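One structure is given below, encoded as structure tokens.
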Amino acid sequence: MPRLESGAWSCSCAARARHAARPGEAAPKADAMQSPSPSAGRAEREASGGSATTWRQHLVQRSVVLFVVGAFMALVLNLLQIQRNVTLFPDEVIATLFSSAWWVPPCCGTAAAVVGLLYPCIDSHLGEPHKFKREWASVMRCIAVFVGINHASAKLDFANNVQLSLTLAALSLGLWWTFDRSRSGLGLGITIAFVATLITQFLVYNGVYQYTSPDFLYIRSWLPCIFFSGGVTVGNIGRQLAMGIPEKPHND
């Protein structure tokens, strides 16, 4: 019996020793699983670098498209204003290409690129999704309404400029309500209208060009409405271009 008891005691001690050794054996395996291999880290860095390059390419492409759209729209709308004898340029400027000052389309194209990139960035920052389904058909309708508002500002005859300004303001807000309806779009549109009107006032004051029958500090009082609706339109174009692009990579 003493031999049996000593044998049983030795077996139990050996079993406990084996159980105690198992966590120590599993620890190196867990450490090996948790520690990333050099090849995995290199692959992750390459993937991050590739996504960053793709994001930059999309950013450049969107900027170019917005610049071209803004420059073309400025050229067409300015021609409409000149034909209606609303905007007056000096004789030497009228003689230039397409009867427009050479600097107007590039400036408007640059502004369109900035505004078009700013709209989706602010939407992403505020976490405010667009309320409507984004599709190019809606964007084209928005552009058509904007061109109609600009054409109406030059063609329609009202008893006074106050009625014209109120009408265009209502149309501009209707454009925002129909195609945007976001707080960020409203705020950016108002900011764009204010800043662009100040810049136009500065240019007119320095004799770069002038308006016929100015009624508010040398410029037309309805001009902020045009800038507001133009900002909303370019913002919708920028939002549409921003769909389906990869997000900007973040380095942890």
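Including glycine, each Cβ sits where the backbone N, Cα and C put it.
Since the structure is predicted, the reported quantities are computational estimates derived from the model, not experimental observations.
Straight from Swiss-Prot, the features:
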type     : residues : note
REGION   : 22-48    : region 'Disordered'
SITE     : F146     : site 'Required for the recognition of 25-hydroxycholesterol'
TOPO_DOM : 1-59     : topological domain 'Cytoplasmic'
TOPO_DOM : 83-101   : topological domain 'Extracellular'
TOPO_DOM : 120-134  : topological domain 'Cytoplasmic'
TOPO_DOM : 180-184  : topological domain 'Cytoplasmic'
TOPO_DOM : 207-220  : topological domain 'Extracellular'
TOPO_DOM : 239-252  : topological domain 'Cytoplasmic'
TRANSMEM : 60-82    : transmembrane segment
TRANSMEM : 102-119  : transmembrane segment
TRANSMEM : 135-157  : transmembrane segment
TRANSMEM : 161-179  : transmembrane segment
TRANSMEM : 185-206  : transmembrane segment
TRANSMEM : 221-238  : transmembrane segment
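Taking a C-beta cut-off of under 8 angstroms and a sequence separation of 6 or more, F146 (site 'Required for the recognition of 25-hydroxycholesterol') has the following same-chain neighbours: L175, S229, G230, V232, T233. Within its own chain, the transmembrane segment (185-206) is flanked in space by residues 111, 115, 118-119, 122, 172, 176, 214, 217-219, 223-225, 227-232, 235, which lie at least six positions past its ends and keep a Cβ under 8 Å from the stretch.
The highest tally of CB pairs under 8 A with the transmembrane segment (135-157), across 60-82, 102-119, 221-238, is held by 221-238. Across the topological domain 'Cytoplasmic' (180-184), the DSSP tally of helix, strand and coil residues reads 2 helix, 0 strand, 3 coil.
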